[in-house]
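Structure first, then comments.
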C-alpha cells in the first residue's frame, strides 16, 4: 500500500511539474470558466423571459372580453418550457428544442427540433458547455498527461530498474493511474465547486433538495468517467515501449471513440429507427381524423350516433329541446376523439425516439462518451425524456383547458342563436394557467441508470485491464 501511494504521489507531482500539462490545464480552465459564464447568462435570461411570457399570456387570457367559448378556444394559449436548473452546466437538447407550445382545439402541437440536435460533436465546438468540455476535451488532456506514464519510464529505463528492485508492476501502474487522477482532481474539483457555489449564491441554481441530489449524482458519475479515462490512458501507455507510440495511439483512439463513433451511432440509430418528417406527421394525422369524423360536420355517421344517444339520455326528440347545448356536446366528443388519435400517434413516435436512444446507449458500450452524455443530460434535465414529459404535461393541460371551454359551451350557451352569444369575462379566470412540474430526481435516475451502469462498466473493465495485463508487460521489460 505504501508503494502504491508513493507511486501516486510521484505521478501527481510529475504532472504538475510538466509544462505541457500546466498549459493544457490553463486552456481547459479558461474554456470551463467561459462556458459557465456564457451558459449561466443565457440560462438566467431565458428563465426570466419565459416566466414573464407565461405570465403575460395568462394576463391576456383573463383580460380578454366576454366571447363565445369556442371562439375563445381558438384564441388559444401558450405553454412555455422553463429551462432546467442544471441546464447551464449541460444544456443537452435544450439548445435545439422549441421553447413553447401553442394550445388550441383539435390539434396537438409538438416541440420542434433543429437538425443540429442530430449533429456530431464537431458541430458543437462553436458553443461548448461545461459538460462538453468535461466529456470531450478533458479526456484529451488526460491522454496527453498519461501517455508517458509507463511508456516514458520504460523508454528511459527507470521502469525496468523499479521492477528489478521488486516493485510489483501492477502496483506501479495502479499508482500512476491514481496519481494522474489525483492531479486532475486537485485541479478540477475546486474549480467546479467554486462554479457551483457561485451559481447557488447568484440564484442561477436553486438550492432545492431535488436539484442538489441531481448535482451530487452527476458529480459522482463524472468522477467515475474521468477515472475510466485516466485508467484508459495509463493502460494504453503500459502496452508501449516508446512514449511517442503511446501518444499517437491515444490520439487515434480519442478521434475514433470521442469524435467518429458518436456520429456513426447517431446515423445508425436514425437509419434503423427512422421517424417521419413534420409534413408526414401532419398528413397521417389528417387522414386519421377524416376516418373517425370531423366534429364540425354534423352529418358524419359517428356524430349522428352521438345525437341519437344524447337525445335518448335526456328523453328529447329534437336537439332544440335538450337542456344542454348539443353543439358543445359535439365539440366535447370531437376533442375526445382527436386527442385519443394524437396521443396514440405521439406514443408511437416517442417509442421510435426511445428506440434510437436505446441503440445509442448500446453503442455506449463501445465509447464511454455516449454513456456519460446520456447520463449527464438525463440528470441535468435536458434529455429527450424531460422534453417529452414537458410535452405530455402541456398536452394534458391543453385537453383539460379545451374541455373546460366546451363545458361552458354546453352549459352557458343556448342552442338557439348559438354563435351570437357570449359568456362573461369572469369565466376566463376560473381555469389556472399552465405550470410545468419538473420530474423528481428519482424519476430521472431510473431513466439514466443504464447509462450510469455503462460508465461503471467502462471504469471496471479498464481497472481490471490494469490489474490483469500490466504485470506481464512489466516483467517483460
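Cβ atoms are placed via backbone N, Cα and C, with glycine included.
Quick caveat, the model's predicted, so the values are computed rather than measured.
Copied over from TrEMBL:
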- 20-41: transmembrane segment (TRANSMEM)
- 130-151: transmembrane segment (TRANSMEM)
- 180-205: transmembrane segment (TRANSMEM)
- 217-237: transmembrane segment (TRANSMEM)
- 243-261: transmembrane segment (TRANSMEM)
- 448-469: transmembrane segment (TRANSMEM)
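Proximity of the transmembrane segment (243-261) to the transmembrane segment (130-151) is established through 3 or more Cβ-Cβ distances under 8 Å for residue pairs spaced 6 or more apart. Beyond its flanks by at least six residues, the transmembrane segment (130-151) meets 11, 15, 18, 20-21, 24-25, 28, 31-32, 35-36, 39, 88-92, 121, 124, 159, 172-173, 176-177, 180, 183-184, 188, 195, 222, 225-226, 229-230, 232-234, 236-238, 240-243, 245-247, 250-251, 253-254, 258-259, 369, 372-373, 376-377, 380, 470 of its own chain at Cβ-Cβ distances under 8 Å. Long-range neighbours of the transmembrane segment (20-41) within the same chain, counting only residues 6 or more positions beyond its ends whose Cβ lies under 8 Å from a Cβ of the stretch, are 87-89, 91, 127-130, 132-134, 137-138, 141, 144-145, 183, 187, 191-192, 195, 199, 202, 204. Residues 86, 89, 134-135, 138-139, 142-143, 145-152, 173, 176-177, 180-181, 184-185, 188, 192, 243, 246, 249-250, 253, 368, 372, 375-376, 379-380, 441, 445, 452, 455-456, 458-459, 462-463, 465-466, 469-470 of the same chain lie 6+ residues outside the transmembrane segment (217-237) yet bring a C-beta within less than 8 angstroms of a C-beta in it.
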